[in-house]
């Protein structure tokens, strides 16, 4: 039984015949009869065939047709390797009364053009006198509109090979296109998303309902959300999050980017946009589909500029396409941006992007979780502590932490090339990487972020001021439930005043360190501008940065207080309220309100 048979290509006449041609000696050894089922088992899967003698009656060879197998692809391993005779086993057969199948057609046009009765008759002809097993896939002739037929269930349920006869009842449970079927069979890499459990759960909840239960929401009279807008700084993991959620809910992802849309001739951009939406609609006819628009602010900027007619047409086309999405269709549009204020406001109304999910800069615990996940895949020394690295990586997003770990590994490789004894990534390698990898927030032109932690013990004296700062800032952030239970409203702002050098800035850094928040330092030169409306715009950007990063923004108030003499006496302040200084003051008060 250890005889090795050489695999040869099947005869052209045996294509889609389910025949496995063997020599007479091999058929006698396995006890197979002509036309009876045999199971060919391999490491990559198995194939169900019928035993037939070779025409030349030569032993030592096998020619198998791969019509019915556990894989949707022909088993290429047969073509260039040999198999042992004990891998071919004769099977008993049972006539089936009923069989449930899933049909894979070539395209959506074929699916729409073929009626249910015609499709059922085609499947019946293809399955007549064919042996099948549960979860096996039949590959059909290339001339047929049906590409694959997957066996879902058989009656009676048996471990023997089931024979489909003319009396067998065939039930088509599902009809999908070939493109969707390939997508479902594609083995995507496992995506690990750390420190975004809450955001992932929120996004999954928004996407899961319209994709999998559109009929239920329609019966309840609730329109399904058509779009979700992800907002967050660059590198925080928006694209990775969308891919992970789509994989979890089983959605087909169609990507869309600005460079792939824009064309050189007039109207080409709108045409490309319509093609992508049509592709997403076709995918949604077979299963849940997710259209992902990355950097939507570059694709759909605000309209109204005289020199942006092509962009205005693209925005108008996108609005029309999103309005045309059927609420019963299993399709959701997800867009990502780091500049929500640059998007045309018409996109952000309900009915287009119904929900907005904000992803902020990782907190201390989130950075620690990200670092632990990355360090677990690296050969690190014992002195590498994720919590200690999280303390000194304030302002780092996921992409920054990935670059930091990669650079530390490169430092270890460089040292290993010089010293063969060094093969682990140590804490010194991470500190060396800190010199090269700066956080994304440090590259902003507005203000700066302080990264070196300052603890309360580093400040001598000032115990009364420390206690008041803890009461005003630290306690509301650490114990919000207690404040809510007692009906206390946390203060919205704190004003520190005093002579230069009395540790005002250091106290704010200590508060930010104890609360694990980012610290922004904005000077008067950053805020004020000679151009009308520029100062208010800068202040709005600072406000958005503080909201995204959950940080403390106390230093801007301190900087502004030093500008009070520049505003002039009290009577001059009243005269300046109509000027840009007064406009800036009103913007500041609106932000603090």
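Backbone N, Cα and C define each Cβ position, glycine as well.
Swiss-Prot has this to say about the protein:
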- 232-239, 498-505: ATP binding site (BINDING)
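Locations of recorded Swiss-Prot features on the structure.
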residue: 232; record: ATP binding site; DSSP class: coil
residue: 238; record: ATP binding site; DSSP class: helix
residue: 498; record: ATP binding site; DSSP class: coil
residue: 504; record: ATP binding site; DSSP class: helix
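Take the binding-site residues 238, 504: by the count of other Cβ atoms within 10 Å of each Cβ, the lowest one is 504.
With all protein chains in the displayed structure included, the most crowded Cβ environment within 10 Å among the binding-site residues 232, 234, 498, 500 is that of 232. Around the Cβ of residue 236 (ATP binding site), the same chain contributes 359, 360, 361, 362, 397, 398, 399, each under 8 angstroms and 6 or more positions distant in sequence. The Cβ of residue 502 (ATP binding site) lies under 8 Å from the Cβ of no residue that sits 6+ residues away along the same chain.
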